[in-house]
Amino acid sequence: MLSLGVNIDHVATLRQARRTVEPDPVAAAVIAELAGADGITVHLREDRRHIQERDVRLLRQTVRTHLNLEMAATDEMVAIALEIKPDYVTLVPERREEVTTEGGLDVAGQVSRLSEVVSQLQGSGIPVSLFVDPDPIQIAAAAQVGARWVELHTGRYAEASSEAQQEAELAQLRQASQQAIQLGLRVNAGHGLTYWNVGPVARIPGMEELNIGHSIISRAVLVGLERAVREMRQAMGLSSGVGPA
């Protein structure tokens, strides 16, 4: 069944803009869960530009759905994950100069390293997802290194400048999902998804979870986080949530 993972990185972005203590990502996670989020996603970047290690530790103690830790495949991040033990890890590419993650992980180009990292994490009971472009070579490599999931990068779909281009990108996502499932992988997706473009991705056969952050947090500034999460669930074709209206 399709689920919604709410990425709360940009709650921390707002906090870090003033180097203060609020808004608190941990409090945001509680509100998101009460509004119907099926999981909480955070990206602990090497430069600590938004989410801090302390946030991840507190979230591990407080999240009642599941905690998805996005991170680079570095020794430092692997050590943190092995200590904190999130419900699962999503390995993502990372460059210090980027504003946000700009593309999928090159799994095919680093099979040996990623096999080692996946083995370390999953050997300690932490399932691993790989954030990849909807590319047959990368999906095959994800299966080769032993990952449990792929998270399909929906950026090109989200940024398509015409209806024809968007439909072509959507077709690639559908094909990638089908290939992943045939290889025994589970399928999530995310990046650039909004209230206006999420519907077709939500309807891709086999899709398990959509991880969405910026659009929800942007909407929350105007209408509040609880309503923003409920509205995203509705846009995905899910029930509006579990708490009071």
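Glycine residues also receive a Cβ, built from the backbone N, Cα and C atoms like all the rest.
Now, the feature entries from Swiss-Prot:
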| type | residues | note |
| --- | --- | --- |
| ACT_SITE | H43 | active site, proton acceptor |
| ACT_SITE | E70 | active site, proton acceptor |
| ACT_SITE | H191 | active site, proton donor |
| BINDING | N7, R18, G192, G213, H214 | 3-amino-2-oxopropyl phosphate binding site |
| BINDING | D9, H10, R45, H50, T100 | 1-deoxy-D-xylulose 5-phosphate binding site |
| SITE | E151 | site 'Transition state stabilizer' |
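N7 (3-amino-2-oxopropyl phosphate binding site) sits 10 Å from E70 (active site, proton acceptor), taking the CA atoms of both as reference points.
Across the fold, the C-alpha of H191 (active site, proton donor) and the C-alpha of R45 (1-deoxy-D-xylulose 5-phosphate binding site) stand 16 Å from each other. In the three-state DSSP classification, G213 (3-amino-2-oxopropyl phosphate binding site) falls within coil. Within 10 Å (C-alpha to C-alpha) of H214 (3-amino-2-oxopropyl phosphate binding site) lie the following recorded positions from D9, H10, R45, H50, E70, E151: D9, H10. Counting every protein chain shown, the number of other Cβ atoms lying within 10 Å of the Cβ of H43 (active site, proton acceptor) is 25.
Among the recorded positions listed (H10, R18, H43, H50, G213), H43 has its Cα nearest to the Cα of E70 (active site, proton acceptor).
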